[in-house]
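Asks: Handing you this structure, nothing more for now.
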Amino acid sequence: MAAAEGGCGAGVEADRELEELLESALDDFDKAKPSPAPSPTISAPDASGPQKRSPGDTAKDALFASQEKFFQELFDSELASQATAEFEKAMKELAEEEPHLVEQFQKLSEAAGRVGSDASSQQEFTSCLKETLSGLAKNATDLQNSGMSEEELTKAMEGLGMDEGDGEGNILPIMQSLMQNLLSKDVLYPSLKEITEKYPEWLQSHQESIPPEQFEKYQQQHSVMGKICEQFEAETPTDSEATHRARFEAVLDLMQQLQDLGHPPKELAGEMPPGLNFDLDALNLSGPPGANGEQCLIM
């Protein structure tokens with residue numbers, strides 16, 4: 001009996017040891033299993049890693065990228081960053097002198113922010129850009145095609161202050177200075193004075209052969225030319241900047257009146273220097289078609 005109990009106790013002990021061995025093996029197996037990867041939706045961002053960006057920041061980056069791409073395509077790559085800085089500087093100067101143009105540039109900026117891959121947004125930006133720059137582009141093109149000789153164009157551009165390294169890049173002052181030189185005393189006065197002096201005799205000899213309406217226009221031309229010459233003859237070396245500007249505006253107004261009256265007689269217009277030939281239309285003084293008098297020239 002005692003022997004039987006001893007055999008039974010040994011069996012129980014063996015079963016316990018086997019159970020412990022199996023449990024230890026299971027524990028080791030569980031430890032060896034790879035832990036599941038953390039869910040990306042609940043993992044906390046690393047402090048040194050990129051932070052979550054707001055929709056506003058994303059839109060701003062898209063606008064800057066669009067602007068950078070625009071300047072990269074418009075200018076050489078080395079001038080793109082300079083063009084951006086010059087554009088901002090030009091806008092500050094423009095806001096003081098031409099607020100209505102600033103409104104157009106604001107519309108242009110808003111359109112640029114909406115530029116996308118679709119044809120509609122690209123067309124909107126292109127249309128706004130053309131509207132904003134049409135006057136400047138039209139003047140520049142007309143001046144290039146006006147038939148002026150190289151010497152006369154060089155003379156007209158003297159004094160623009162476009163020295164090397166100037167870096168202004170502001171088209172508005174350049175166009176203003178160019179128009180002031182084209183309508184200066186040195187360019188216009190000699191020929192206008194000669195025509196004015198010869199006009200009375202020509203009118204007298206052609207009075208009977210010219211229709212009354214056209215003859216009246218020629219008389220008005222003679223009068224306006226005389227007023228322009230008077231403006232130039234009033235110039236003095238001591239004139240202030242305000243006086244120069246007022247005289248320029250007066251001459252510009254008279255030149256527009258002269259253009260409205262049509263071309264002078266060919267016999268008299270032939271006295272104009274080669275290249276100019278009194279072609280006021282080539283100077284585009286009246287601005288784009290459909291523009292009113294107040295918008296005829298950007299100044």
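Even glycines carry a Cβ here, placed using N, Cα and C.
Swiss-Prot lists these features:
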type	residues	note
REGION	2-56	region 'Docking to the peroxisome membrane and binding to PEX3'
REGION	2-91	region 'Necessary for PEX19 function on peroxisome biogenesis'
REGION	25-63	region 'Disordered'
MOD_RES	S35	phosphoserine
MOD_RES	S39	phosphoserine
MOD_RES	S54	phosphoserine
MOD_RES	S66	phosphoserine
MOD_RES	T236	phosphothreonine
MOD_RES	C296	cysteine methyl ester
Asks: Including all protein chains displayed, how many Cβ atoms other than that of the residue listed as 'phosphothreonine' lie within 10 Å of its Cβ?
Replies: 6
Asks: Which whole-number mean pLDDT does the model give the region 'Necessary for PEX19 function on peroxisome biogenesis' (2-91)?
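Replies: Mean pLDDT for the region 'Necessary for PEX19 function on peroxisome biogenesis' (2-91): 53.
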